[in-house]
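Asks: Have a look at this one before I ask anything.
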Amino acid sequence: MPPPALVLLLGFLCHVAIAGRTCPKPDELPFSTVVPLKRTYEPGEQIVFSCQPGYVSRGGIRRFTCPLTGLWPINTLKCMPRVCPFAGILENGTVRYTTFEYPNTISFSCHTGFYLKGASSAKCTEEGKWSPDLPVCAPITCPPPPIPKFASLSVYKPLAGNNSFYGSKAVFKCLPHHAMFGNDTVTCTEHGNWTQLPECREVRCPFPSRPDNGFVNHPANPVLYYKDTATFGCHETYSLDGPEEVECSKFGNWSAQPSCKASCKLSIKRATVIYEGERVAIQNKFKNGMLHGQKVSFFCKHKEKKCSYTEDAQCIDGTIEIPKCFKEHSSLAFWKTDASDVKPC
């Protein structure tokens, strides 16, 4: 008969073999939950893996039973993120993204001339849908531009709906007698409005003054307005200093104030000078005198170097200063060499 202690040991081992070992807490599976979740499980107990919201199961099995060995079977189940519909193309815009999987967010922007109609970003939801809905890039348009007072449109080509696209231009012109202040061209901006409008103002000019020793002609109207013109002239032996025609400017004054300048009488009877790049006889070219503003170059002798150089003289309102270095020779002094005939320095 075996000892009592041995009998008890054999009975315990038989109980363990029949009862089996407990299973530990299962290994974590990314993006999943286990029901029920405990520290240990008795042989025969079942657990169920399920993927968290936003994830779907791929491969493997979801339900496991704790075996007598106390070792869970290898779990090949994978929980993969849901994939939202492709959204990588936005007409007339740009999409910035890494992937289209849950829970990623993508952002949107539009090209120049278009605005975002909808949200600037969207998130891939648990259901595999974009939230909020994907936006579109709509063209920026401007309504017809307001027309300033005393102005009209000279260039304007709207769309069929009488609107204009971003970047479109409109050009204004002022009514007669009115001057424009500001840019005559406005542009449809990215904000859906037009750049600053110009202003048209009525402009009047005083009657132009008659210059001394001259005359002025202008329209025989009681009032002279913007863009009206006047012409000036001078009496004999006087020349006009300034433009012959002047215009009433947008600032209410004349574009210029010409005057009449006296011509110069020459005391020199005989000399060769340079006028407008050519050698001329002053007694022939300017026998009636030099007009205001005309300029000549006189020849002078350099005594030490025995060569010639030139100095300028200009008629200024009836006065001309002859260079001191110039020496006029009498026609009888035929033996003297004129400075104009000496080699240049």
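Sequential numbering from 1, following the chain as shown.
Quick reminder: no glycine exception, Cβ is built from N, Cα and C everywhere.
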Asks: Quick one: Swiss-Prot says C345 makes a disulfide with which of C307, C315, C325?
Replies: C307
Asks: Swiss-Prot annotation: C248 disulfide-bonded to which of C205, C234, C264?
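Replies: Here Swiss-Prot pairs C248 in a disulfide with C205.
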Asks: According to Swiss-Prot, the disulfide involving C325 connects it to which residue among C300, C315?
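Replies: Looking through C300, C315, the record in Swiss-Prot gives C300 as the partner of C325.
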Asks: Tell me which of C14, C23, C84, C110 Swiss-Prot records as disulfide-bonded to C66.
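Replies: It is C23, per the disulfide annotation in Swiss-Prot.
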Asks: Output the one of C110, C137, C200, C345 that, of all these disulfide-bonded residues, has the highest number of other Cβ atoms within 10 Å of its Cβ.
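Replies: Top count of Cβ atoms within 10 Å goes to C200.
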Asks: Taking the Cβ of C307 (disulfide bond) as the reference point, list residues of the same chain whose Cβ is under 8 angstroms away and which are at least six residues distant in sequence.
Replies: K301, V342, K343, P344, C345
Asks: Hey, what's the Cβ neighbour count for C51 (disulfide bond) at 10 Å?
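Replies: The answer is 21.
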Asks: Which of these disulfide-bonded residues is closest to C174 (disulfide bond) if you go by CA atoms: C79, C124, C142?
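Replies: The smallest Cα gap between C174 (disulfide bond) and any of the disulfide-bonded residues is with C142.
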Asks: Give the distance between the Cα atoms of C66 (disulfide bond) and C188 (disulfide bond), rounded to the nearest whole Å.
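Replies: That comes out at 74 Å between the alpha carbons.
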